[in-house]
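Read the structure below first, then the notes.
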Amino acid sequence: MSRDTFAAGERLVSPAYVRQGCEARRSHEHLVRQLLEKGKCPEDGWDESTLELFLHELAVMDSNNFLGNCGVGEREGRVASALVARRHYRLIHGIGRSGDISAVQPKAAGSSLLNKITNSLVLDIIKLAGVPTVANCFVVPMATGMSLTLCFLTLRHKRPKAKYIIWPRIDQKSCFKSMITAGFEPVVIENVLEGDELRTDLKAVEAKIQELGPDSILCIHSTTSCFAPRVPDRLEELAVICANYGIPHVVNNAYGVQSSKCMHLIQQGARVGRIDAFVQSLDKNFMVPVGGAIIAGFNDSFIQEISKMYPGRASASPSLDVLITLLTLGSNGYKKLLKERKEMFSYLSNQLKKLSEAYYERLLQTPHNPISLAMTLKTLDAHHDKAVTQLGSMLFTRQVSGARAVPLGFVQTVSGHIFRGFMSHTNDYPCAYLNAAAAIGMKTQDVDLFIRRLDKCLKTLRKEQNRESDVPGVDSYDKTENVDIEETTLKLDNVLLDTCQDTSS
């Protein structure tokens, strides 16, 4: 309410009480004013009443919420369901205009303001997370794969002769299909094995550039966040190669914002060489529903070019979700989550190491991967060709999500390209293994429950193997747990074997 409205209220209620309410209102308005003036994530999170007041104020600035509004066009923010309207806080017009996702909409000043402030807050968080020299970014209502495609399509206009994208292999379908969808031919560079780690083959990358010619290459498409035993690409070296040959560089940083190591690689790559854009998922890094990503870079004009490449208006839902989340957490809350994630990575690593040793396996040594871990399944795979996949299905039926049991020799065709040893990021990794990741939001109880259930599954499988061979018995990691598995559950595990053959999205 305005000052005049409060003054009018003093005729009905004691002025002292009204003035107290007015001061309370001003405290909310002060937070909103600071947000709009600074364009940065507040240090301390907002309470829900301030958030809802802010969103309501934005919504009443949109034409569909004007009192007496007369809409005679085809897109007037009409919504049939009141439930849908409340779900979106009556912010119905979306963001952007037909020629630019970052443009201001005349009909929707509130939604446009939401879009601008969200992009500003996300830029602030990227700097906080370890990339202080980032120049610009914007939230796009597409997941990581399609956002990468948008980057490639923008580069097409700059490099009309380009036909190929050089791509150090990572066995994840969407990033491979992002290049195919953009109309380019991926040139797969196989990784090299260094100890347990799969790392970028820099010599092969440079040899392929020389073979194909720099002008025929759209960009190098590298990766930070990935499943162990693959580790982040050698971004600094790749960035230098890109700078030397005049080739653009696009980084798939899908869930790398939560990792200071991944963000440091991007910062260093931009410092010593060339990184044109890096793309990260909203859901993986900010714990919001799937459907949005952030495209960021070190050249403001190029990032603006990408935003103008997006055709038509766009859903405001991803922007609204991340805005609410960041204002709820504040920068201190997000930093706390980043700190806790690092602690959970160490805890998961220790617990998985203990468990693997109890079963005569070992935790793979992948020090360059700051998020994902892997333990060998050599003894499991050596005695039963389906046991590794069986383990994956058993974990799935016991409500363990995210773990990946990777067998040897699995072949997968993606958009016409045959990947041998699919999911292991190489044709012939030395052993089968199990993945687990310590991602943002994970708690100690998640790790403990995962270890207990994994222990149960491993013990059950070993019992099955012992009936068929002379393999020595293995003591349980957690002797207090009841390891009897119902026959119906085991049958369900077998039904899910085919489903678990391909867990890549």
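Each Cβ is built from the backbone N, Cα and C atoms, and glycine gets one as well.
TrEMBL entries are annotated by machine, without manual review.
The pyridoxal 5'-phosphate binding site annotation in TrEMBL covers Arg75. Here TrEMBL flags Arg97, Ser98, Gln105, Arg313 as substrate binding site. Residues or ranges marked as tRNA binding site in TrEMBL: Arg271, Arg398, Lys463. If you look up TrEMBL, you'll see Lys284 marked as N6-(pyridoxal phosphate)lysine.
If you measure from the Cα atom of Arg398 (tRNA binding site) to that of Arg97 (substrate binding site), you get 47 Å. Of the candidate recorded positions, Arg75, Ser98, Gln105, Lys284, Arg313, the one lying closest to Lys463 (tRNA binding site) when CA atoms are compared is Lys284. Applying an 8 A CB threshold to same-chain residues 6+ apart, the list for Ser98 (substrate binding site) reads Pro311, Gly312, Arg313. Its Cβ placed at the centre, Arg398 (tRNA binding site) has 17 other Cβ atoms within 10 Å.
Summary for the recorded positions Arg97, Lys284: the Cβ-based neighbour count within 10 Å is maximal at Lys284. With the fewest other C-beta atoms within 10 Å around its C-beta, Arg271 stands out among the binding-site residues Gln105, Arg271, Arg313.
Highlighted in sequence order, Gly94, Ile95, Gly96, Gly99, Asp100, Ala103, Gly312 have their Cβ within 8 Å of the centre of the Cβ atoms of Arg97, Ser98, Gln105, Arg313, the residues recorded for substrate, and are not part of that set. Within the same chain, residues at least six positions away from Arg75 (pyridoxal 5'-phosphate binding site) with a Cβ under 8 Å of its Cβ are His93. Just so you know, the Cβ of Lys463 (tRNA binding site) picks up 13 other Cβ atoms within 10 Å once every protein chain is counted. Maximum C-alpha to C-alpha distance over the listed substrate-binding residues Arg97, Ser98, Gln105, Arg313 is 10 Å. The two recorded residues, Arg97 (substrate binding site) and Lys284 (N6-(pyridoxal phosphate)lysine), show a Cα separation of 28 Å. Arg271 (tRNA binding site) and Lys284 (N6-(pyridoxal phosphate)lysine) have their C-alpha atoms 26 Å apart, to the nearest angstrom.
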